[in-house]
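Here is what TrEMBL records for this protein:
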ACT_SITE  Cys45  active site, cysteine sulfenic acid (-SOH) intermediate
DOMAIN    3-159  domain 'Thioredoxin'
Amino acid sequence: MTLRLGDIAPDFEQDSSIGTIKFHEYLGDGWGVLFSHPADYTPVCTTELGLTAKLKGEFEKRNVKAIALSVDDAESHKGWINDINETQNTTVNFPILADGDRKVSQLYDMIHPNASETVTVRSLFVIDPKKKVRLIITYPASTGRNFDEILRVIDSLQLTDNYSVATPGNWKDGEDVVIVPSLKDEAVLKEKFPKGYKAVRPYLRLTPQPNK
Ligand code: BEZ
């Protein structure tokens, strides 16, 4: 199944390192990051899962639940989690889906046969509280993901939803943001952006990040 931005993230029920997960129910009314790994006991994945565990506070601040996926079984995941905890000096605090039957991998198109017939590539989906897919990133198996970038995109999406702003290229938290072009009414602009804005061009209007 090909998923696109704006689609509803498919719901599923699957075994995991913490027992059966009903995906939509697990996410509740918060955000989610669903991300796949080629296999258990692989070096790059071990570092990624350790990193995700260490970013627990950052995910919580943004009301995001992480959920990983690998095509091995739950017993294998539990052994691997012990290894991750030991080697990455952390405690894995999120579930790893046990997708041995490739049910979720197929639903989310995580197997790219010309890369590998059997294991998932490094797919990542950000899902919003309405269960809409808001970000899709696919990395090759040999490249570990940049989790700072994933948090940066989540910050951008949440700013857009809450303040009608977009974020410029290479934007970092705290820098000026862009007012969405559809907002034109001066009274609304004054109310929404009390710190004012600078119109570099009528279509390019910068304002201080509203939640700072
Ligand atoms: C991995 O750790 O998942 C990995 C390492 C090298 C090539 C492909 C995958």
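Note: Cβ is positioned from N, Cα and C throughout, glycine not excepted.
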Intrachain C-beta neighbours of Cys45 (active site, cysteine sulfenic acid (-SOH) intermediate), sequence separation six or more, cut-off 8 angstroms = His37, Pro38, Ala39, Ser70
On the domain 'Thioredoxin' (3-159), the mean of the pLDDT values is 97
